[in-house]
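*Asks:* Starting off with a structure, shown below.
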Amino acid sequence: MRVKEMNESLRPREKMKINGISSMSDEELMQIILKTGIKEEGVEILSKRVIDYINENDYKDLCVEELMKIKGIGMAKATSILAGIEIGRRLSLRKAMDSFSLNDPDSVAEIFCNEIGSCDVENFYALLLDTKNRIISKELISKGTINQSIVHPREVFKSAIKKGANSIILVHNHPSGSLIPSNADIEVTKRLDKVGDLVGIQVLDHIIVSSNDSLSMRKGMYF
């Protein structure tokens, strides 16, 4: 059955208007994004195939070319899907940053777990804070295995000094999923902590994240 053949109250747009967005299934939301199906199948079947494809793949790695491999998805539909995903990601990140609390390492993890927790390479970030411990910005410092040649104090503190940060929190992911700090993690953290003392920008913590968990190196007394 095609959308136009449905009872009006069951059509995705009308259902959203009557019952609210929380009443919508993933497939129904995708129907609104896609708008139309293809000659061989209606938008409801196409939407289910798209949702199944996204669930089977890491949505963070999706691109226009990848989505266009799905039968019935051209450039217009692919870009609409990615735009919807990106808006959701940005709003989620903004909410996590707004709810950040210095006393809660989990609030740092909430910012980064979805973004880098499942990445297959290490991403090293500095979270810059002002004198009231509010987030100024998050800065990507490096990608690749953490060591002292890649994570240089100059790169870590350059943005912090330029943006007037009072303190920083270091964050990086472990592609293996293990949260145990490596010797390189500990050495780099201790070095950056000392440099922070010298330049007057305190390193408050170093958080290691996976896709669904985190570890505070400060609480673990690794530095």
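Cβ coordinates are placed from backbone N, Cα and C, and glycine is handled just like the others.
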*Asks:* Which stretch, out of 130-143, 172-185, is listed as motif 'JAMM motif' by Swiss-Prot?
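*Replies:* Of 130-143, 172-185, Swiss-Prot gives motif 'JAMM motif' for 172-185.
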*Asks:* Of these binding-site residues, H172, H174, which scores lowest on Cβ atoms within 10 Å?
*Replies:* H174
*Asks:* Could you tell me which three-state DSSP class H172 (Zn(2+) binding site) falls into?
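*Replies:* The three-state answer is strand.
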*Asks:* Quick one: DSSP breakdown of the domain 'MPN' (101-223) into helix, strand and coil?
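*Replies:* DSSP composition of the domain 'MPN' (101-223): 39 helix, 34 strand, 50 coil.
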*Asks:* Identify all same-chain residues not among H172, H174, D185 whose C-beta atom falls within 8 angstroms of the centroid of the Zn(2+) site's C-beta atoms; report them in sequence order.
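*Replies:* Not counting the recorded site residues, we get E122, F124, I146, N173, P181, S182, I208.
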